[in-house]
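To start, the structure under review is shown below, and the notes come after it.
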Amino acid sequence: MPLKSIDPTTTSAWKKLTEHFHQIKDEKILDWFQKDDKRAEKFQIEWRDFFLDFSKNKISSKTLELLLSLAEEVDLNDAIEKHFNGDIINETEHRAVLHTDLRKKNKPEEVQQALAQMKNFSEKVIEGKWKGATGKKIETIVNVGVGGSDLGPKMVTNTLKFYKNHLETHFVSNMDGDQVAEILKHINPETALVIVVSKSFGTQETITNSNTIKKWFQNHNITDFSKHFVAVSANQEKAQEFGIDYKNIFPMWDWVGGRFSLWSPVGLTISCAIGFQNFEELLLGAREMDDHFQKTDFAENIPVILALLSIWYNNFFKAETEAIIPYSHYLQEFVPYLQQGIMESNGKSVSRKGNPINYQTGTIIWGQPGSNCQHAFFQLFHQGTKIIPTDFIGFKKPLNKNKKQHDKLMANFFAQTEALLKGKSKEEIAEELKYIDTEQAKKISPFKEVEGNKPTNTILIEKLTPKSLGSLISMYEHKIFIQGVIWNIFSYDQWGVELGKQLASKILPQIKNQKIERNQDSSTSSLLKRYFS
Ligand SMILES: O=P(O)(O)OC[C@H]1O[C@](O)(CO)[C@@H](O)[C@@H]1O
């Protein structure tokens with residue numbers, strides 16, 4: 001059964017939220033804290049090794065109640081059931097959306113087989129039993145893919161660097177040949193293994209980069225590609241046509257979207273880099289979050305609460321962006337990964353009935369690890385004019401036994417959400433400036449004022465492990481789903497991306513033939529002329 005199509009703005013919850021917004025939009029979160037010493041307790045969720053504090057938001061109990069009734073009115077429960085049941089909820093591609101099946105307890109037979117194949121392969125590579133064409137052990141893995149076939153494996157491999165074995169890992173994704181050239185400069189073809197990841201096996205970037213690497217092997221007199229190339233694809237035929245041995249092809253399925261695929265054989269590089277057991281832990285963490293999402297009341301449900309808060313800011317406060325700030329340097333690639341997940345999924349403007357919609361959907365996601373970003377863009381958070389709801393993600397325990405330094409990092413983590421909440425008042429500034437000449441103090445005082453009242457969520461996790469990372473990724477995956485359901489859009493297609501691909505395929509022959517096509521806009525034509533000259 002397809003998802004229901006309910007325009008959220010026609011629900012009574014939406015109307016009530018609109019009225020409610022006008023009543024509370026200028027209130028100060030800090031005043032609410034002062035009036036209610038139980039506020040933190042009211043707006044927090046403890047789940048396993050996760051703790052979510054969402055009390056530093058522009059919400060009252062009434063707001064939460066109305067947001068929860070919005071979820072009920074659009075029948076989120078029905079959507080969750082259809083999602084996990086494997087109904088065709090990706091209607092425009094006529095597909096089920098079942099990345100959750102890759103990590104559930106009783107996995108489908110084909111998934112079990114693929115996992116066994118991954119385990120066997122990664123163990124062979126790690127233990128040095130997989131030999132290159134000249135008989136040497138594999139030392140370097142090169143993952144070739146783009147979008148979901150790159151961002152997921154790259155993010156997890158790099159985030160879990162602490163758990164990595166001796167294998168060196170590289171990721172080639174860009175059409176820009178400089179990326180692959182720089183990587184090939186530093187690796188030995190005799191000990192390199194390439195994992196070509198492409199669900200379609202037709203993506204220009206991936207095929208071009210793979211061909212470049214093939215040539216590089218040939219230039220080094222290595223022609224037995226079966227020892228140096230494996231592929232992950234839903235298009236086994238095309239992978240074989242490319243020259244990959246059929247025994248070296250791992251499956252992918254049309255019911256797994258590229259940006260949700262790291263749990264499948266797309267995660268083969270992860271499994272090689274951190275070992276299959278850790279890969280299984282990652283799946284387990286995701287499964288536990290799936291269970292939490294599926295079975296917990298909305299009021300206590302982490303992904304539901306995060307999704308509703310985001311809708312509150314996006315659609316009522318008209319916030320245009322949302323930031324995600326992990327206080328762990330290991331999570332450097334987390335935001336670029338989520339940018340694809342969130343923006344490719346929910347950057348849509350047509351309802352599930354096919355009509356244009358007149359309200360905002362997908363938020364713009366950005367961010368970087370703290371504390372670096374405090375010295376980069378946090379000034380704009382504190383004193384800029386924009387509202388930027390932010391998720392702060394931190395870990396209680398450090399991985400590299402340097403507790404003192406971790407305490408300093410975490411002091412910054414807690415201080416930032418406090419500063420964003422409290423700001424700095426005129427009175428506090430006057431007190432600070434009392435020893436300065438009064439004229440000068442008066443002059444600089446307005447520049448030092450910090451308004452505060454900026455919304456944040458704090459997600460505090462016990463420790464960065466494969467399992468907790470699995471839960472964290474799954475948490476955001478479900479947030480994407482919930483928001484798509486409420487916004488009444490299709491989250492699992494990406495037709496917009498196709499247009500650029502089509503136009504590039506028209507421009508390339510013009511470049512090759514140095515000949516401008518007639519029916520093209522004059523800007524593109526003149527740019528091409530300049531490129532030719
Ligand atoms: O795995 P493939 O088929 O090469 O596709 C790569 C990426 O291209 C897209 O289709 C569009 O950017 C993504 O959704 C996908 O992750």
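We number each residue from 1, going along the chain as drawn.
In case you wondered, yes, glycine gets a Cβ from its N, Cα and C as well.
TrEMBL does not curate its annotations; it predicts them automatically.
Quick caveat, the model's predicted, so the values are computed rather than measured.
Residues or ranges marked as active site, proton donor in TrEMBL: Glu344. All protein chains shown were included, and the count of other CB atoms within 10 Å of the CB of Glu344 (active site, proton donor) stands at 22.
His375 (active site) counts 9 other C-beta atoms within 10 Å of its own C-beta, drawing on all protein chains shown. The active site feature in TrEMBL is assigned to His375 (among others).
Secondary structure from DSSP puts Lys501 (active site) in a helix. A sphere of 10 angstroms centred on the C-beta of Lys501 (active site) encloses 12 other C-beta atoms. According to TrEMBL, the active site annotation covers Lys501 (among others).
Under the three-state DSSP scheme, Glu344 (active site, proton donor) falls in the helix class. For the pair His375 (active site) and Glu344 (active site, proton donor), the Cα-Cα distance reads 29 Å.
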